[in-house]
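A.B. asks: As listed in TrEMBL for this protein:
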REGION    A:1-20  region 'Disordered'
TRANSMEM  A:46-68  transmembrane segment
DOMAIN    A:100-286  domain 'ABC transmembrane type-1'
TRANSMEM  A:104-123  transmembrane segment
TRANSMEM  A:135-158  transmembrane segment
TRANSMEM  A:164-185  transmembrane segment
TRANSMEM  A:214-241  transmembrane segment
TRANSMEM  A:261-286  transmembrane segment
Amino acid sequence: MTATLPTAEETRVTTTLESPTQAPVAAGATPAPLVRRRRRNKLTSYLLPVVVFAALIGVWYAITYLFLEPGKRFLMPAPHTLITDALLDPVITDKVWPALGRTIVVSFAGLGIAIVIGMLWAIAMSQSKAVEASLYPYAVALQCIPILALVPLIGFWFDFGFESRVIVCVMIALFPIVSNTLFGIQSVDRGHHELFTLHRAGRITRLVKLQLPAALPAIFAGFRISAGLSVVGAIVGDLFFKKGDPGLGILLSNFSSRLQGAPLFFTIVVTAVLGFAVFFLFGLLAKLAVGRWYDQSRDAG
Amino acid sequence: MSAPAPTAPPAATGTTVLQFTDVARQFPDGTVALEGVDLTIQRGEFVTVVGPSGCGKSTLLRIASGLDEASAGTATVDARRIGYVFQDATLLPWRSVQKNVELLAELHGMSKTATNQAALDAIELVGLRGHEKKLPRALSGGMKMRASLARSLTLDPDLFLFDEPFGALDEITRERLNDELIRLFVAKGFGALFITHSVSEAVYMSTRVLVMSGRPGHIVDSFEVPFGTDRTPELRFTPEFAKLAGEVSHALREGHS
(Lines of atoms letter the chains of each structure in order from A and count residues from 1; the text may use other names and numbers.)
(Lines give C-alpha, C1' and ligand atoms only; values in the text may rest on other atoms or scores of the structure.)
Protein backbone atom coordinates (compact mmCIF):
# COMPACT_ATOMS: atom_id res chain seq x y z
CA MET A 1 0.00 0.00 0.00
CA THR A 2 1.13 3.52 -0.60
CA ALA A 3 -1.06 5.49 1.71
CA THR A 4 0.70 8.81 1.66
CA LEU A 5 -0.28 10.42 4.88
CA PRO A 6 -1.11 14.08 5.11
CA THR A 7 1.95 15.64 6.66
CA ALA A 8 1.82 18.86 4.67
CA GLU A 9 -0.85 20.28 6.97
CA GLU A 10 0.93 19.19 10.10
CA THR A 11 4.18 20.66 8.85
CA ARG A 12 2.49 23.96 8.14
CA VAL A 13 0.84 24.02 11.55
CA THR A 14 4.03 23.25 13.38
CA THR A 15 6.19 25.71 11.48
CA THR A 16 3.88 28.58 12.30
CA LEU A 17 3.70 27.39 15.88
CA GLU A 18 7.40 26.93 16.24
CA SER A 19 8.68 30.13 14.70
CA PRO A 20 7.01 32.82 16.76
CA THR A 21 9.22 35.52 15.23
CA GLN A 22 7.34 35.37 11.95
CA ALA A 23 4.05 36.63 13.32
CA PRO A 24 5.39 39.78 15.01
CA VAL A 25 7.39 40.66 11.89
CA ALA A 26 4.13 40.77 9.97
CA ALA A 27 2.54 42.81 12.75
CA GLY A 28 5.49 45.15 12.56
CA ALA A 29 5.57 46.54 16.08
CA THR A 30 7.81 44.57 18.42
CA PRO A 31 10.62 42.99 16.43
CA ALA A 32 12.53 46.11 15.38
CA PRO A 33 13.79 47.07 18.86
CA LEU A 34 14.53 43.43 19.48
CA VAL A 35 16.86 43.29 16.49
CA ARG A 36 18.46 46.60 17.33
CA ARG A 37 19.14 45.55 20.88
CA ARG A 38 20.82 42.37 19.68
CA ARG A 39 23.03 44.34 17.30
CA ARG A 40 24.06 46.75 20.02
CA ASN A 41 24.99 43.80 22.23
CA LYS A 42 27.18 42.45 19.49
CA LEU A 43 28.87 45.82 19.07
CA THR A 44 29.55 46.22 22.77
CA SER A 45 30.86 42.67 22.98
CA TYR A 46 33.54 43.61 20.45
CA LEU A 47 34.11 47.15 21.59
CA LEU A 48 34.48 46.67 25.33
CA PRO A 49 37.43 44.25 25.18
CA VAL A 50 39.19 46.68 22.82
CA VAL A 51 38.65 49.51 25.30
CA VAL A 52 40.01 47.35 28.12
CA PHE A 53 42.99 46.42 25.95
CA ALA A 54 43.76 50.08 25.26
CA ALA A 55 43.49 50.84 28.98
CA LEU A 56 45.89 48.02 29.85
CA ILE A 57 48.43 49.28 27.28
CA GLY A 58 48.07 52.74 28.83
CA VAL A 59 48.76 51.39 32.31
CA TRP A 60 51.73 49.49 30.91
CA TYR A 61 53.23 52.69 29.40
CA ALA A 62 52.59 54.52 32.67
CA ILE A 63 54.47 51.89 34.65
CA THR A 64 57.39 51.89 32.21
CA TYR A 65 57.83 55.62 31.94
CA LEU A 66 56.44 57.01 35.21
CA PHE A 67 57.48 54.45 37.82
CA LEU A 68 60.62 52.79 36.50
CA GLU A 69 63.95 54.55 36.39
CA PRO A 70 65.55 54.41 32.93
CA GLY A 71 68.08 51.84 34.16
CA LYS A 72 65.37 49.46 35.28
CA ARG A 73 63.05 49.67 32.29
CA PHE A 74 64.13 46.20 31.13
CA LEU A 75 61.82 44.93 33.90
CA MET A 76 58.79 46.21 31.97
CA PRO A 77 59.86 47.38 28.50
CA ALA A 78 57.39 49.70 26.77
CA PRO A 79 54.88 47.87 24.53
CA HIS A 80 56.25 49.29 21.25
CA THR A 81 59.74 47.96 22.05
CA LEU A 82 58.33 44.43 21.75
CA ILE A 83 57.98 45.27 18.07
CA THR A 84 61.10 47.37 17.52
CA ASP A 85 63.50 45.35 19.67
CA ALA A 86 62.08 41.87 19.14
CA LEU A 87 59.63 41.36 16.27
CA LEU A 88 61.74 43.43 13.86
CA ASP A 89 65.08 42.17 15.12
CA PRO A 90 66.19 39.17 13.05
CA VAL A 91 68.61 38.05 15.76
CA ILE A 92 65.63 37.57 18.08
CA THR A 93 63.11 36.25 15.58
CA ASP A 94 65.62 33.75 14.18
CA LYS A 95 65.47 32.24 17.65
CA VAL A 96 61.75 32.70 18.42
CA TRP A 97 60.13 31.33 15.25
CA PRO A 98 62.04 28.02 15.15
CA ALA A 99 61.46 27.66 18.91
CA LEU A 100 57.74 28.25 18.34
CA GLY A 101 57.77 25.53 15.67
CA ARG A 102 59.49 23.07 18.02
CA THR A 103 57.08 23.85 20.87
CA ILE A 104 54.15 23.26 18.52
CA VAL A 105 55.65 19.92 17.43
CA VAL A 106 56.22 18.84 21.04
CA SER A 107 52.77 19.84 22.27
CA PHE A 108 50.94 18.29 19.32
CA ALA A 109 52.97 15.09 19.55
CA GLY A 110 52.12 14.96 23.26
CA LEU A 111 48.47 15.75 22.62
CA GLY A 112 48.23 13.14 19.86
CA ILE A 113 49.67 10.43 22.08
CA ALA A 114 47.46 11.54 24.99
CA ILE A 115 44.38 11.33 22.74
CA VAL A 116 45.18 7.79 21.61
CA ILE A 117 46.08 6.50 25.10
CA GLY A 118 43.31 8.45 26.83
CA MET A 119 40.52 7.32 24.53
CA LEU A 120 41.61 3.68 24.57
CA TRP A 121 41.84 3.88 28.34
CA ALA A 122 38.35 5.36 28.65
CA ILE A 123 36.84 2.93 26.15
CA ALA A 124 38.34 -0.01 28.01
CA MET A 125 36.86 1.30 31.27
CA SER A 126 33.46 1.87 29.66
CA GLN A 127 33.23 -1.73 28.50
CA SER A 128 33.77 -3.41 31.84
CA LYS A 129 32.99 -2.44 35.42
CA ALA A 130 36.00 -4.49 36.57
CA VAL A 131 38.34 -2.60 34.25
CA GLU A 132 36.84 0.69 35.37
CA ALA A 133 37.20 -0.21 39.04
CA SER A 134 40.83 -1.23 38.53
CA LEU A 135 41.96 1.60 36.25
CA TYR A 136 39.97 4.69 37.23
CA PRO A 137 41.89 5.32 40.47
CA TYR A 138 45.06 5.61 38.38
CA ALA A 139 43.47 8.21 36.13
CA VAL A 140 42.60 10.20 39.23
CA ALA A 141 46.09 9.64 40.66
CA LEU A 142 47.52 11.04 37.43
CA GLN A 143 45.47 14.16 38.07
CA CYS A 144 46.41 14.40 41.74
CA ILE A 145 50.16 13.79 41.63
CA PRO A 146 51.91 17.07 40.87
CA ILE A 147 53.44 16.20 37.51
CA LEU A 148 56.19 18.71 38.18
CA ALA A 149 57.44 16.42 40.95
CA LEU A 150 57.93 13.66 38.43
CA VAL A 151 59.63 15.83 35.83
CA PRO A 152 63.18 15.40 37.15
CA LEU A 153 62.59 11.63 37.26
CA ILE A 154 61.51 11.64 33.64
CA GLY A 155 64.79 13.34 32.72
CA PHE A 156 66.66 10.82 34.82
CA TRP A 157 65.07 7.92 32.91
CA PHE A 158 64.56 9.27 29.41
CA ASP A 159 67.37 11.82 29.04
CA PHE A 160 66.86 15.54 28.73
CA GLY A 161 65.69 15.87 25.11
CA PHE A 162 62.62 15.76 22.86
CA GLU A 163 61.21 12.49 24.21
CA SER A 164 61.11 13.75 27.78
CA ARG A 165 59.35 16.97 26.74
CA VAL A 166 56.70 14.93 24.92
CA ILE A 167 56.24 12.62 27.91
CA VAL A 168 55.54 15.60 30.16
CA CYS A 169 52.92 16.83 27.67
CA VAL A 170 51.25 13.42 27.58
CA MET A 171 51.09 13.20 31.36
CA ILE A 172 49.61 16.66 31.73
CA ALA A 173 47.11 16.28 28.87
CA LEU A 174 45.93 12.74 29.58
CA PHE A 175 43.37 13.14 32.36
CA PRO A 176 40.81 15.43 30.72
CA ILE A 177 40.67 13.10 27.72
CA VAL A 178 40.17 10.01 29.88
CA SER A 179 37.53 11.60 32.10
CA ASN A 180 35.61 13.37 29.33
CA THR A 181 35.54 10.34 27.05
CA LEU A 182 34.37 8.12 29.90
CA PHE A 183 31.77 10.67 30.99
CA GLY A 184 30.50 11.02 27.42
CA ILE A 185 30.19 7.27 26.92
CA GLN A 186 28.46 6.80 30.26
CA SER A 187 25.99 9.60 29.62
CA VAL A 188 24.34 7.86 26.68
CA ASP A 189 20.57 8.04 26.88
CA ARG A 190 19.00 4.97 28.49
CA GLY A 191 16.29 4.79 25.84
CA HIS A 192 18.95 4.60 23.14
CA HIS A 193 20.67 1.77 25.00
CA GLU A 194 17.38 -0.12 25.24
CA LEU A 195 16.80 0.35 21.54
CA PHE A 196 20.17 -1.26 20.83
CA THR A 197 19.55 -4.02 23.40
CA LEU A 198 16.15 -4.75 21.90
CA HIS A 199 17.71 -5.32 18.51
CA ARG A 200 20.55 -7.40 19.87
CA ALA A 201 23.37 -5.06 18.99
CA GLY A 202 26.81 -6.42 19.89
CA ARG A 203 29.37 -4.61 22.00
CA ILE A 204 31.35 -3.22 19.07
CA THR A 205 28.22 -2.12 17.17
CA ARG A 206 26.95 -0.38 20.27
CA LEU A 207 30.28 1.34 20.78
CA VAL A 208 30.69 2.48 17.19
CA LYS A 209 27.10 3.36 16.33
CA LEU A 210 25.91 4.68 19.68
CA GLN A 211 28.41 5.34 22.44
CA LEU A 212 31.23 7.05 20.57
CA PRO A 213 29.03 9.32 18.43
CA ALA A 214 26.99 10.30 21.49
CA ALA A 215 30.19 10.99 23.43
CA LEU A 216 31.76 13.19 20.74
CA PRO A 217 30.72 16.55 22.22
CA ALA A 218 32.24 15.60 25.59
CA ILE A 219 35.31 14.12 23.89
CA PHE A 220 35.92 17.32 21.97
CA ALA A 221 35.50 19.38 25.13
CA GLY A 222 38.24 17.19 26.61
CA PHE A 223 40.48 17.70 23.57
CA ARG A 224 40.14 21.43 23.97
CA ILE A 225 41.18 21.42 27.62
CA SER A 226 44.03 19.00 26.93
CA ALA A 227 45.30 21.02 23.97
CA GLY A 228 45.78 24.03 26.24
CA LEU A 229 47.45 21.85 28.86
CA SER A 230 49.80 20.29 26.34
CA VAL A 231 51.11 23.74 25.42
CA VAL A 232 51.76 24.30 29.13
CA GLY A 233 53.43 20.87 29.23
CA ALA A 234 55.70 21.74 26.30
CA ILE A 235 56.86 24.96 28.00
CA VAL A 236 57.40 23.26 31.36
CA GLY A 237 59.23 20.39 29.65
CA ASP A 238 61.49 22.94 27.94
CA LEU A 239 62.45 24.52 31.23
CA PHE A 240 63.74 21.20 32.50
CA PHE A 241 64.99 19.42 29.42
CA LYS A 242 67.41 21.71 27.69
CA LYS A 243 69.21 19.20 25.54
CA GLY A 244 68.82 19.74 21.82
CA ASP A 245 67.28 22.70 20.01
CA PRO A 246 65.43 25.15 22.26
CA GLY A 247 61.66 25.53 22.42
CA LEU A 248 59.84 28.60 23.71
CA GLY A 249 60.37 27.61 27.34
CA ILE A 250 64.15 27.58 26.97
CA LEU A 251 64.05 30.96 25.22
CA LEU A 252 61.94 32.42 28.06
CA SER A 253 64.47 31.16 30.54
CA ASN A 254 67.44 32.42 28.50
CA PHE A 255 66.01 35.89 27.84
CA SER A 256 65.10 36.31 31.47
CA SER A 257 68.53 35.27 32.74
CA ARG A 258 70.17 37.69 30.27
CA LEU A 259 67.80 40.51 31.33
CA GLN A 260 66.57 40.90 27.71
CA GLY A 261 63.22 42.50 28.61
CA ALA A 262 61.70 43.16 25.20
CA PRO A 263 62.52 39.71 23.73
CA LEU A 264 61.25 38.07 26.94
CA PHE A 265 57.93 39.91 26.79
CA PHE A 266 57.67 39.24 23.07
CA THR A 267 58.16 35.49 23.64
CA ILE A 268 55.52 35.54 26.37
CA VAL A 269 53.08 37.15 23.94
CA VAL A 270 53.93 34.51 21.31
CA THR A 271 53.27 31.79 23.88
CA ALA A 272 49.94 33.36 24.81
CA VAL A 273 48.91 33.61 21.16
CA LEU A 274 49.82 29.94 20.69
CA GLY A 275 47.57 29.06 23.63
CA PHE A 276 44.68 31.08 22.17
CA ALA A 277 45.22 29.62 18.71
CA VAL A 278 45.12 26.06 20.02
CA PHE A 279 41.98 26.79 22.06
CA PHE A 280 40.15 28.27 19.09
CA LEU A 281 41.41 25.56 16.72
CA PHE A 282 39.84 22.89 18.89
CA GLY A 283 36.67 24.92 19.32
CA LEU A 284 36.46 25.04 15.54
CA LEU A 285 37.16 21.32 15.17
CA ALA A 286 34.40 20.55 17.71
CA LYS A 287 32.01 22.76 15.77
CA LEU A 288 32.87 21.01 12.51
CA ALA A 289 32.52 17.57 14.06
CA VAL A 290 29.36 17.92 16.17
CA GLY A 291 28.04 21.48 15.70
CA ARG A 292 25.57 20.19 13.11
CA TRP A 293 23.57 18.32 15.71
CA TYR A 294 24.92 19.38 19.09
CA ASP A 295 24.02 22.76 20.52
CA GLN A 296 27.18 23.99 22.21
CA SER A 297 25.48 26.92 23.90
CA ARG A 298 23.90 24.37 26.22
CA ASP A 299 27.13 23.71 28.08
CA ALA A 300 28.38 27.27 28.28
CA GLY A 301 31.27 26.35 25.94
CA MET B 1 10.69 -16.88 27.61
CA SER B 2 11.57 -18.32 24.25
CA ALA B 3 13.49 -16.19 21.80
CA PRO B 4 11.77 -15.09 18.61
CA ALA B 5 12.56 -17.55 15.84
CA PRO B 6 14.16 -15.53 13.08
CA THR B 7 13.79 -18.18 10.40
CA ALA B 8 10.01 -18.65 10.62
CA PRO B 9 8.15 -17.65 7.45
CA PRO B 10 5.96 -14.52 7.49
CA ALA B 11 2.94 -15.45 9.54
CA ALA B 12 -0.62 -15.09 8.29
CA THR B 13 -3.37 -13.23 10.10
CA GLY B 14 -4.58 -15.28 13.00
CA THR B 15 -1.21 -16.68 13.98
CA THR B 16 -0.47 -16.24 17.65
CA VAL B 17 2.50 -13.90 18.04
CA LEU B 18 2.42 -13.34 21.77
CA GLN B 19 1.20 -15.52 24.61
CA PHE B 20 1.39 -14.78 28.32
CA THR B 21 0.30 -17.50 30.74
CA ASP B 22 0.00 -16.56 34.39
CA VAL B 23 2.88 -14.13 34.08
CA ALA B 24 4.17 -12.45 37.20
CA ARG B 25 7.02 -10.09 37.82
CA GLN B 26 8.50 -9.40 41.21
CA PHE B 27 11.33 -6.91 41.48
CA PRO B 28 14.33 -7.62 43.72
CA ASP B 29 13.06 -5.07 46.25
CA GLY B 30 9.92 -7.19 46.75
CA THR B 31 7.52 -5.03 44.72
CA VAL B 32 5.11 -7.19 42.72
CA ALA B 33 4.62 -5.34 39.44
CA LEU B 34 2.57 -8.01 37.68
CA GLU B 35 0.56 -10.98 38.85
CA GLY B 36 -1.45 -13.65 37.02
CA VAL B 37 -1.46 -12.01 33.62
CA ASP B 38 -2.94 -14.09 30.79
CA LEU B 39 -2.81 -12.54 27.36
CA THR B 40 -2.85 -13.80 23.79
CA ILE B 41 -2.29 -11.65 20.73
CA GLN B 42 -2.63 -12.83 17.16
CA ARG B 43 -1.65 -11.17 13.95
CA GLY B 44 -4.41 -8.81 12.92
CA GLU B 45 -5.27 -8.00 16.53
CA PHE B 46 -4.73 -4.57 18.04
CA VAL B 47 -4.77 -4.96 21.79
CA THR B 48 -4.62 -1.89 23.99
CA VAL B 49 -3.83 -1.93 27.67
CA VAL B 50 -5.21 1.00 29.59
CA GLY B 51 -4.52 1.66 33.22
CA PRO B 52 -3.34 4.23 35.73
CA SER B 53 0.31 5.20 36.05
CA GLY B 54 2.40 2.66 37.89
CA CYS B 55 -0.01 -0.24 37.34
CA GLY B 56 2.60 -2.35 35.57
CA LYS B 57 1.65 -1.57 31.96
CA SER B 58 5.20 -0.80 31.00
CA THR B 59 6.53 -3.89 32.78
CA LEU B 60 4.09 -5.95 30.72
CA LEU B 61 5.50 -4.42 27.55
CA ARG B 62 9.10 -4.80 28.64
CA ILE B 63 8.55 -8.50 29.28
CA ALA B 64 6.91 -8.88 25.86
CA SER B 65 9.91 -7.20 24.24
CA GLY B 66 12.52 -9.19 26.14
CA LEU B 67 13.93 -6.12 27.92
CA ASP B 68 12.65 -7.67 31.14
CA GLU B 69 11.85 -11.23 32.17
CA ALA B 70 8.87 -12.80 33.90
CA SER B 71 9.68 -14.11 37.39
CA ALA B 72 6.83 -16.66 37.13
CA GLY B 73 4.61 -18.01 34.38
CA THR B 74 5.51 -18.18 30.71
CA ALA B 75 5.78 -15.37 28.21
CA THR B 76 6.16 -16.67 24.66
CA VAL B 77 6.81 -14.46 21.69
CA ASP B 78 6.61 -16.08 18.30
CA ALA B 79 7.46 -13.28 15.93
CA ARG B 80 10.24 -13.04 13.39
CA ARG B 81 10.78 -9.47 14.34
CA ILE B 82 9.39 -7.16 16.98
CA GLY B 83 8.77 -3.47 16.49
CA TYR B 84 9.01 -1.37 19.64
CA VAL B 85 7.94 2.24 19.73
CA PHE B 86 9.04 4.06 22.85
CA GLN B 87 7.34 6.97 24.53
CA ASP B 88 10.23 9.12 23.31
CA ALA B 89 11.08 8.90 19.65
CA THR B 90 14.65 7.89 20.70
CA LEU B 91 16.11 9.12 17.42
CA LEU B 92 19.89 9.47 17.32
CA PRO B 93 20.46 13.23 17.12
CA TRP B 94 23.52 12.94 14.85
CA ARG B 95 21.73 10.90 12.20
CA SER B 96 19.44 12.32 9.53
CA VAL B 97 15.87 11.03 9.27
CA GLN B 98 16.94 8.63 6.52
CA LYS B 99 19.88 7.32 8.57
CA ASN B 100 17.75 7.01 11.70
CA VAL B 101 15.14 5.00 9.85
CA GLU B 102 17.90 2.77 8.49
CA LEU B 103 19.33 2.04 11.95
CA LEU B 104 17.39 -1.09 12.91
CA ALA B 105 17.76 -2.70 9.50
CA GLU B 106 21.49 -2.00 9.89
CA LEU B 107 21.54 -3.63 13.33
CA HIS B 108 19.75 -6.67 11.91
CA GLY B 109 22.41 -7.01 9.25
CA MET B 110 20.30 -6.28 6.20
CA SER B 111 22.25 -5.50 3.04
CA LYS B 112 22.95 -1.86 2.24
CA THR B 113 20.59 -1.71 -0.72
CA ALA B 114 17.81 -3.56 1.11
CA THR B 115 18.24 -1.25 4.10
CA ASN B 116 18.11 1.80 1.91
CA GLN B 117 15.00 0.61 0.07
CA ALA B 118 13.22 -0.43 3.28
CA ALA B 119 13.91 3.00 4.75
CA LEU B 120 12.64 4.81 1.67
CA ASP B 121 9.43 2.73 1.70
CA ALA B 122 8.88 3.27 5.42
CA ILE B 123 9.48 7.02 5.11
CA GLU B 124 6.94 7.14 2.29
CA LEU B 125 4.48 5.14 4.39
CA VAL B 126 4.57 7.51 7.36
CA GLY B 127 4.49 10.58 5.15
CA LEU B 128 7.96 11.94 5.84
CA ARG B 129 9.02 12.17 2.21
CA GLY B 130 11.02 15.30 1.58
CA HIS B 131 12.33 15.31 5.15
CA GLU B 132 14.90 12.52 4.70
CA LYS B 133 17.94 14.76 5.08
CA LYS B 134 16.72 16.66 8.13
CA LEU B 135 18.21 16.10 11.56
CA PRO B 136 15.87 15.18 14.44
CA ARG B 137 16.34 18.62 16.01
CA ALA B 138 14.60 20.15 12.99
CA LEU B 139 11.50 17.97 13.39
CA SER B 140 8.30 18.60 15.35
CA GLY B 141 7.22 16.09 17.99
CA GLY B 142 4.75 14.47 15.61
CA MET B 143 7.33 14.13 12.85
CA LYS B 144 9.82 12.58 15.27
CA MET B 145 7.22 9.99 16.20
CA ARG B 146 6.60 9.26 12.50
CA ALA B 147 10.32 8.73 12.02
CA SER B 148 10.40 6.42 15.03
CA LEU B 149 7.46 4.47 13.60
CA ALA B 150 9.15 4.27 10.20
CA ARG B 151 12.30 2.92 11.85
CA SER B 152 10.38 -0.08 13.21
CA LEU B 153 8.42 -0.52 9.98
CA THR B 154 11.65 -1.25 8.07
CA LEU B 155 11.76 -4.57 9.92
CA ASP B 156 8.22 -5.48 8.78
CA PRO B 157 7.48 -6.82 12.28
CA ASP B 158 4.80 -9.41 13.11
CA LEU B 159 4.42 -7.92 16.57
CA PHE B 160 4.41 -4.22 17.31
CA LEU B 161 4.77 -2.97 20.88
CA PHE B 162 3.81 0.61 21.69
CA ASP B 163 4.67 2.25 25.00
CA GLU B 164 2.42 5.32 25.18
CA PRO B 165 3.92 6.53 21.93
CA PHE B 166 1.71 9.59 21.48
CA GLY B 167 1.48 10.58 25.14
CA ALA B 168 3.69 13.65 24.74
CA LEU B 169 1.96 15.01 21.63
CA ASP B 170 -0.76 17.62 21.36
CA GLU B 171 -4.27 16.32 20.77
CA ILE B 172 -4.55 17.22 17.09
CA THR B 173 -1.28 15.54 16.19
CA ARG B 174 -2.11 12.61 18.39
CA GLU B 175 -5.47 11.97 16.71
CA ARG B 176 -3.94 12.25 13.28
CA LEU B 177 -1.24 9.74 14.19
CA ASN B 178 -3.95 7.44 15.63
CA ASP B 179 -5.60 7.38 12.20
CA GLU B 180 -2.35 6.78 10.43
CA LEU B 181 -1.41 3.96 12.74
CA ILE B 182 -4.79 2.31 12.11
CA ARG B 183 -4.12 2.52 8.37
CA LEU B 184 -0.69 0.96 8.80
CA PHE B 185 -2.21 -1.77 10.96
CA VAL B 186 -4.86 -2.56 8.36
CA ALA B 187 -2.29 -2.62 5.58
CA LYS B 188 0.34 -4.70 7.37
CA GLY B 189 -1.83 -6.91 9.59
CA PHE B 190 0.69 -7.14 12.41
CA GLY B 191 -0.30 -7.96 15.98
CA ALA B 192 -0.13 -4.93 18.26
CA LEU B 193 0.15 -4.38 21.99
CA PHE B 194 -0.47 -0.73 22.71
CA ILE B 195 -0.08 0.92 26.11
CA THR B 196 -1.92 4.13 26.88
CA HIS B 197 -3.65 5.93 29.70
CA SER B 198 -6.22 7.49 27.39
CA VAL B 199 -9.51 5.60 27.29
CA SER B 200 -10.58 7.39 24.12
CA GLU B 201 -7.36 6.46 22.34
CA ALA B 202 -7.69 2.88 23.56
CA VAL B 203 -11.23 2.41 22.28
CA TYR B 204 -10.52 4.21 19.01
CA MET B 205 -7.43 2.21 18.09
CA SER B 206 -8.14 -1.33 19.24
CA THR B 207 -9.83 -4.55 18.42
CA ARG B 208 -9.64 -5.36 22.13
CA VAL B 209 -9.17 -3.20 25.21
CA LEU B 210 -7.70 -4.59 28.41
CA VAL B 211 -8.11 -2.68 31.64
CA MET B 212 -5.30 -3.00 34.14
CA SER B 213 -5.15 -2.20 37.80
CA GLY B 214 -2.10 -1.81 39.99
CA ARG B 215 -0.63 -3.19 43.22
CA PRO B 216 -0.03 -5.82 41.99
CA GLY B 217 -0.63 -5.20 38.29
CA HIS B 218 -3.29 -7.47 36.85
CA ILE B 219 -5.91 -7.37 34.12
CA VAL B 220 -9.32 -6.58 35.60
CA ASP B 221 -11.47 -6.47 32.48
CA SER B 222 -11.45 -7.03 28.75
CA PHE B 223 -13.63 -5.43 26.06
CA GLU B 224 -14.03 -6.53 22.45
CA VAL B 225 -14.30 -3.45 20.25
CA PRO B 226 -17.01 -4.01 17.62
CA PHE B 227 -16.07 -1.20 15.21
CA GLY B 228 -14.60 -2.24 11.85
CA THR B 229 -11.25 -1.22 10.46
CA ASP B 230 -12.52 1.77 8.47
CA ARG B 231 -12.55 4.09 11.47
CA THR B 232 -12.79 7.84 11.01
CA PRO B 233 -12.53 10.61 13.60
CA GLU B 234 -16.34 10.95 13.56
CA LEU B 235 -16.50 7.59 15.32
CA ARG B 236 -15.46 9.32 18.52
CA PHE B 237 -18.75 11.20 18.57
CA THR B 238 -21.11 8.24 18.08
CA PRO B 239 -23.26 6.93 20.96
CA GLU B 240 -21.75 3.43 20.56
CA PHE B 241 -18.27 4.83 21.05
CA ALA B 242 -19.35 6.87 24.06
CA LYS B 243 -21.05 3.83 25.60
CA LEU B 244 -17.99 1.60 25.24
CA ALA B 245 -15.63 4.33 26.43
CA GLY B 246 -17.93 4.81 29.42
CA GLU B 247 -17.78 1.11 30.26
CA VAL B 248 -13.99 1.08 29.99
CA SER B 249 -13.75 4.18 32.19
CA HIS B 250 -16.05 2.55 34.70
CA ALA B 251 -13.92 -0.61 34.80
CA LEU B 252 -10.84 1.57 35.22
CA ARG B 253 -12.34 3.36 38.23
CA GLU B 254 -13.63 0.10 39.74
CA GLY B 255 -10.22 -1.50 39.41
CA HIS B 256 -8.56 1.56 40.81
CA SER B 257 -10.59 1.87 43.99
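Positions of Cβ are set from backbone N, Cα and C atoms, glycine also.
Explain the structural surroundings of these features, please.
C.D. replies: Taking Cβ pairs closer than 8 Å, the transmembrane segment (A:46-68) reaches residues 75-79 in its own chain, all 6 or more past its ends.
Sequence-distant contacts of the transmembrane segment (A:104-123), counting only residues of its own chain at least 6 positions beyond either end whose CB sits under 8 Å from a CB of the stretch, comprise 135, 139, 162, 165-170, 172-182, 185, 207, 219, 222-223, 226-227, 230-231, 233-234, 237-238, 247, 274, 278.
Residues 106-107, 109-111, 113-115, 117-119, 121-123, 125-126, 132, 136, 139, 142-143, 147, 150-151, 154-155, 158, 211-212, 214-219, 221-223, 225-227, 229-230, 232-234, 236-238, 240-241, 247 of the same chain, all 6+ positions outside the transmembrane segment (A:164-185), place their C-beta atoms under 8 angstroms from a C-beta of that stretch.
Proximity of distant same-chain residues to the transmembrane segment (A:261-286), defined by a Cβ-Cβ separation under 8 Å and at least 6 residues beyond the stretch ends, is recorded for 73-77, 81-82, 84-87, 89, 92, 96, 99-100, 103-104, 107, 217, 220-221, 223-224, 227-228, 230-231, 235, 248, 251-252, 255, 296, 301.
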